[in-house]
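Q: Attaching a single structure in structure tokens format; questions to follow.
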């Protein structure tokens with residue numbers, strides 16, 4: 001007997017209707033405008049009212065505290081905290097000064113611009129950032145990005161002024177934070193190898209070297225350059241101090257109390273190497289030196305920004321790519337150390353702080369600055385309490401710009417190459433790559449794409465491959481979602497995927513399916529409808545072949561669990577209407593369970609709930625199954 005007799009259903013399960021009645025009598029969901037007004041009222045106006053109540057006499061001060069966290073923690077700052085920050089800042093500066101000079105050289109800029117970048121951005125970040133340990137300044141990967149991409153637009157050798165203008169303008173592009181963890185791991189590893197190969201120029205003192213970054217071009221350039229005259233003294237100085245720095249790092253890892261040894265090793269190397277070159281006149285025997293570093297503080301660079309040049313589009317692209325890498329790295333480093341210290345990093349404040357730091361930097365002769373993992377680790381190990389350590393570091397670098405620049409004239413470029421090479425192993429995260437391989441093979445594919453793209457093509461291609469594969473994965477999962485057949489777990493009201501839970505039981509005459517997509521839209525509506533129809537066909541054919549039921553009609557009810565569907569468009573509504581018509585033509589009922597608020601009201605507006613019938617819409621899958629099982633039992637009893 002057909003179970004579409006609604007009067008029998010109502011008599012069979014009078015207790016179920018009130019639950020569904022709650023669903024049917026729901027109020028209208030808020031419109032987009034209402035949600036926007038509610039968000040402003042809750043997140044902006046209410047916070048302002050609370051702040052006004054707390055300090056109604058000075059609302060401007062309350063607003064400034066939300067923008068500048070230093071006004072909050074600065075009131076509780078104590079002398080014993082400053083002692084720790086002072087030591088951490090001085091230790092940080094000892095590592096920062098040689099690294100900044102080396103990274104500026106890697107970026108194709110004069111050495112002083114690396115030092116400039118370790119002054120203004122850290123000072124701005126100290127006022128606006130929420131991380132206590134993050135050390136701000138130039139880093140190897142971003143320096144490589146700038147040199148590889150800007151040099152395609154302007155040669156830094158033939159016209160260094162035009163090259164600097166492009167770099168300063170690109171620094172303004174600090175607006176975006178988007179890159180997956182797997183892509184970042186692969187990109188960093190590839191970039192580390194490329195940076196290492198690039199340092200062979202300084203390590204061997206080579207004059208003829210390629211500006212390209214792919215491994216084939218770099219190795220080919222090294223091979224051909226070695227056929228030209230070169231001085232082995234460069235290699236002796238660079239490799240000797242590289243071994244010294246690595247040994248110092250090894251000692252620091254073996255004994256945590258000796259953290260200051262690897263932190264001081266680069267500065268000691270620079271001092272010793274510079275003295276050796278100065279006292280022995282090694283520059284006359286072919287040792288390449290840094291030469292002139294302009295003394296003095298940061299110079300204004302507003303007049304060097306170009307917004308109407310022929311390369312504006314390319315500069316914007318470079319700025320965005322550098323921002324993606326730099327912001328992702330900074331927030332990842334900051335969060336890792338915040339977790340260790342037991343506090344939460346505010347992502348919004350970090351983006352604001354990094355953005356304003358680099359905007360201010362671009363106006364004061366700085367290039368892109370971000371959080372350095374190696375310097376942050378040193379800052380953490382040195383016992384920093386707050387970002388005052390960044391302020392101490394910046395002041396120390398300022399003094400160095402005024403006092404030490406003449407001394408650095410005789411610094412060999414080989415020592416700068418060795419400092420950069422010593423920092424590269426930290427960029428290759430082998431354990432992280434293995435973890436990604438075990439966790440998600442598709443994510444590992446993204447990692448490999450970024451790694452190989454950077455290594456054998458270019459930085460842009462590596463990023464493009466990684467982001468392209470990531471987006472392809474998202475799109476495919478959206479347009480090809482799964483439709484799961486559900487069964488009930490014994491002695492519970494829980495329904496699970498029968499492939500995941502083989503012990504789950506199915507109810508004869510009922511097929512329960514769950515749509516796993518958060519959206520039922522034009523991109524996947526027809527695919528989902530076809531998958532549902534295919535599932536129905538398989539059930540009917542399987543049961544007919546086994547001859548379990550000796551009657552023409554086997555499947556009577558199809559229950560759609562829509563708890564995962566957050567929204568649907570007109571294509572989704574049309575697909576459900578077509579599904580309803582197809583099932584109705586075969587005397588099969590379509591039942592909708594667990595529709596979300598917006599989904600249900602879309603169905604109401606489309607009047608689909610009238611076609612499906614309100615009695616066939618339930619709040620839960622369990623309610624729907626119980627209702628039809630009882631209705632069928634009652635119908636058989638009456639027969």
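In case you wondered, yes, glycine gets a Cβ from its N, Cα and C as well.
Nobody curates TrEMBL annotations by hand; they come from automatic prediction.
Look at TrEMBL and you will find 86-104, 124-146, 166-197, 233-251, 258-279, 315-334, 355-374, 380-400, 444-471 tagged as transmembrane segment. Sequence annotations record features per position, and here TrEMBL assigns domain 'STAS' to 520-628.
Locate each feature and note its surroundings.
A: As a summary of secondary structure, the domain 'STAS' (520-628) carries 63 helix, 15 strand, 31 coil according to DSSP.
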Q: Between 258-279, 315-334, 355-374, who has the most Cβ pairs under 8 Å to the transmembrane segment (86-104)?
A: 258-279
Q: Would the transmembrane segment (380-400) count as touching the transmembrane segment (315-334), if touching means at least three Cβ pairs under 8 Å and pairs must be 6 or more apart in sequence?
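A: No, the transmembrane segment (380-400) and the transmembrane segment (315-334) are not in contact.
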Q: Against which stretches of its own chain does the transmembrane segment (355-374) lie, if we need a Cβ under 8 Å and a gap of at least six residues from its ends?
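A: For the transmembrane segment (355-374), the list is 95, 99, 104, 107, 109, 113, 116-122, 124-125, 128, 131, 134-139, 142-143, 146, 167-172, 174-175, 298-302, 305, 322-323, 325-327, 329-331, 333-334, 423, 426-427.
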Q: Restricting to the same chain and to residues at least six past its boundaries, which positions have a Cβ under 8 Å from a Cβ of the transmembrane segment (315-334)?
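A: For the transmembrane segment (315-334), the list is 129-131, 133-134, 136, 139, 141-142, 145-146, 149-150, 153, 166, 169-179, 181, 184, 187-188, 306, 309, 345, 347, 350-351, 354, 358, 368-373, 376, 459-460, 463.
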